[in-house]
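Heads up, the thing below is written out as C-alpha cells.
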C-alpha cells in the first residue's frame, strides 16, 4: 500500500468516526469478540471451512476485525483481515448500484427511462410493448429477464457490451411485476454506467467508488486474489476463472478491512458514496405487497425478529461472502470465507448475525394477528415454482432437483405450505391475500392470481400445472433409465446367445442396433449428468467454464432426441411389418418408450442444442 493510500485510509477512518449518529445508537456489545471467536471456530471445524475473515462495525469503529484459518491451506498462509483478498461475488452489485446513482444525481442517467435510450450497439428486446426495462428495474431485480449463466471459456472474457449483446436472455415477465434475481440485469446497469461516463466500468468503480473511500485493496478486474485459494466441498482447491459480467460480481475481490470501510460509509450515509446514494440504496424501492419486506437498490430487506436487517451476499465456486446492515442500530457485519465447506456456502453469515442480534438486540415476541373473518384461501391452492429457475437455459435443471412449494387451503382461511423455507408451516390470513406465519415473524402474500411472494426474497413463486411438476418428469426418467439399462445388457447378450447356437438374426438388424445405441446414450447421459448434479460445488464451475465434458453430454442428449424420433418410427414399422418375434417387438418397443421418455425430459429441460447452455 502506498503512503498516499495509508493517509487516505486514515482520513476515511477519522471521517467515519466523526459521522453523525443514527436515530438509534449502537448498543453496548460486551463480549462480542468472544462470541464471534467461539462461533466461527466451531463452525469452521464442523463444516471444514479453510479460512474466514469477520468484521463487525458499530459506533463508527471496528469492534471485531479478525482472520481465522488459512488463505492457502497447502502453504499454511494465514488469513489476514487487512490484506487477504477474497472474491466478493454479488456484493459487487452494491458498487454497481452506487455508481449508477451517482450518474442519476448528475443528471446523466434517469431511473425511469427506457434503457434503450442509452444503448447504441445493441437493443433490449421489446417483448412487452409499452413496458420498457428501466434502470430502476435493473437495480431491484424486476426487469423480468430469464436467469442464465453463460457457457463459454473463462479464458476468453468478452468486453462488457459485447457480452451483453451476445448473451441477452429472454424477457419472461413484464418489468415491475415480480422480483427475479438477474445477473444480466445488473451487468446491464454497469454497462449504462460505462456508456454515459465514457470510461470502462472497472475504471469508473475504481475511481469513483474505491478511491474516495480509500479502498486500495479492492479490485474489480479479474485476477486480483494475490494467492488466496478457493476450496470446494471436498477440500480440493478450484481454479478461479474470469467471466464476462464483472458488474454482477464475476471476478472482483476485496479485503475485510476495505469492506469494513464500505460498511461504515453505508451506515453513516457518507457523502463520498454520492449525494444521497446510501439513503436511496437502503430505502425500500420495491415490494410485492405493502405488507412485505422488499428490495432497496441491491440491498435486500431480511427482517429478523422485528429488526430491519439489510443483506447482500456473494457466491463464487469456493468463495462466499455476507454483508449485513442494521441501519437503525448503526451496526454492520461482514463475513468472508474461501471454502464451500460441507454446508456448501462457506461460513453462514446469517447464523452469526442472528446470534449477535439475539444476544444484544433481543426483540419482542412474534406479533399476533386476528384471522380475517369469513376469508377463503381456496384460490391460492396449488404448486408454485421459484422465478429463479431458468425457463430457457440449462439451469432449468434446478426444477428437477427442487421440489415446488405446495400451498394447501384450510377451512378457516389459513393456508399450509410445504417446502417454503423448510417443512410444513401454517399461515394465518389477516388481510385479503396476506398471511403471517403462525408463531413466527414471516409473511407471505398472493399479490396476483397464481403468484406467491415471501417477504425479503429475490424471487417470487409462480403457480404451475401438474404437467410442469418435477415429479412427473422424474417419473419419466425412472422409466427411461431401467429400460435403457436393459437394452444395454440384453441386446449384446441376445446376440451372443444366438451366435453360440448358430442361429441367424431375422429382421432389420440396424433398428436393433439403433435401440441399443439409444439405451447406451441415455445411460451414459444420466450417469454423467447425475454425477455432476451430485456435487453442486463442481457442477457450477463446469457450467461457467463450458467444460468439454458438459458440452459432450449436451451434444449426446441432442443426438439422443433425434434417435428417439427414429426409434419411434421404427417401432411403428416393426409392428406394422411384423419384424422379429412378438417378444422381440415388445422388447424393442419397451426400449423405445424409455428413450422417448428421456427425450421429452431433455427437451423440457433445455439439454438440447445448439446452443449448449
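Glycine residues also receive a Cβ, built from the backbone N, Cα and C atoms like all the rest.
TrEMBL assigns the feature transmembrane segment to one of the listed ranges (437-464, 549-576), namely 549-576.
Among the listed stretches 471-497, 509-529, 588-608, the one sharing the most Cβ pairs under 8 Å with the transmembrane segment (549-576) is 588-608.
A Cβ distance under 8 Å defines the sequence-distant neighbours of the transmembrane segment (471-497), meaning residues of its chain 6+ beyond its ends; these are 400, 403, 505, 512, 515-516, 518-523, 526, 587, 590-591, 593-595, 597-598, 600-601, 604-605. With a cut-off of 8 Å between Cβ atoms, the residues of this chain six or more beyond the transmembrane segment (588-608) that come close are 390, 392-394, 396-397, 399-400, 473, 476-477, 479-484, 486-487, 511-512, 515, 518-519, 521-522, 525-526, 529, 553-554, 557-558, 560-561, 563-565, 567-568, 570-571, 574-575, 580. Sequence-remote contacts of a segment are chain residues at least 6 beyond its ends whose Cβ falls under 8 Å from one of its Cβ atoms, and for the transmembrane segment (509-529) they are 477, 480-481, 483-488, 491-492, 549, 553, 556-557, 559-560, 563-564, 566-567, 570, 573-574, 579, 588, 591-592, 594-595, 598, 607. Across the residues of the domain 'Beta-lactamase-related' (36-346), the predicted structure has a mean pLDDT of 93.
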